[in-house]
Amino acid sequence: MEEAGTESSSGGKLERFLVWFLIPFVFTAVLLGVLLSVFDYDVMKTVQRTLNKIPIVGEMIPLPKEDAQSAPAAKGTEEDAVKTKTKEIEQLNSKVQELKTELDKADQTSAQKDKTILDLKQQKAELEDKELAKQDEEYDKKVRELASVYAKMMPSKAAQIIQNLSPQETILVLNAMKTDERVKVLEKMDPKKAADASIALKDLTTSQDQKIAALQDRLVLQQKPDSAQKKMTSAELSQTFASMDASKAAKVLTDMYGKNSAQVLTILREMDTSKRAALMGEIAGISKETAASITGNLVP
């Protein structure tokens, strides 16, 4: 009786399991598969893809044929994309290198131009210095020639003439004489003027400053209407300015223009074009207004 009851109980549990769990599950799975097939949904491929993704199990379950065939194609597409990007990067790097090369060439060209400009400026400065040195040499030569003329005269006659020069001109001429010639002339000069000249010779500054001072004295004397001294001609005065350093002459003419503009215009008109242009450039550097006024008045 007990064994029959036990078997009946086991059979009942199995029946309940089959009825309540397994049969409904199988039925549902079959029904679901039928429905999915009706709606054109490939159940097997989906199951294969899902199982293939599970570790270990995926090694035993292959992908569907379509997926297995498309995988190499996808891999090839990725490789092509990588190659394309790599090629683009190489092209961009090559372009960057070309631009760097062009920039280096441009920098070299700019540096060469700067060097050329600097060399030209230096050459211009050297030429100007040579020209000024030549002008100074010519001026000194003329002063020495004048001093030689006075030295060949009778000391008394030379003294009379030199005394009628301006103080700075007197110093300039006496300084160009030899010592013994200078002594003879000073002996015949007025004692007061001889003393002043001697002191000035002792305190003599640079020859360039002395030339400018002598020229300024001459200009002052020419501005005096009742001056008994013989005036320099406009051509001589213009030539004197032309032989001076352009920057020094420009300063004197700029100062003069405010006091005697007509005299300055006459001096500039007597000069040749190149000398006048150089002086006007220096005057413009000192005062653009003065340079503009002079230019306007020089035009007839």
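Keep in mind that glycine also has a Cβ here, set from the backbone N, Cα and C atoms.
Residues or ranges marked as transmembrane segment by TrEMBL: 17-39. Taken from TrEMBL, the feature coiled coil applies to 82-140. Per TrEMBL, domain 'Magnesium transporter MgtE intracellular' is recorded for 145-198.
When pLDDT is averaged over the coiled coil (82-140), the result is 84. Residues of the domain 'Magnesium transporter MgtE intracellular' (145-198) grouped by DSSP class, helix first, strand second and coil last, total 45 helix, 0 strand, 9 coil.
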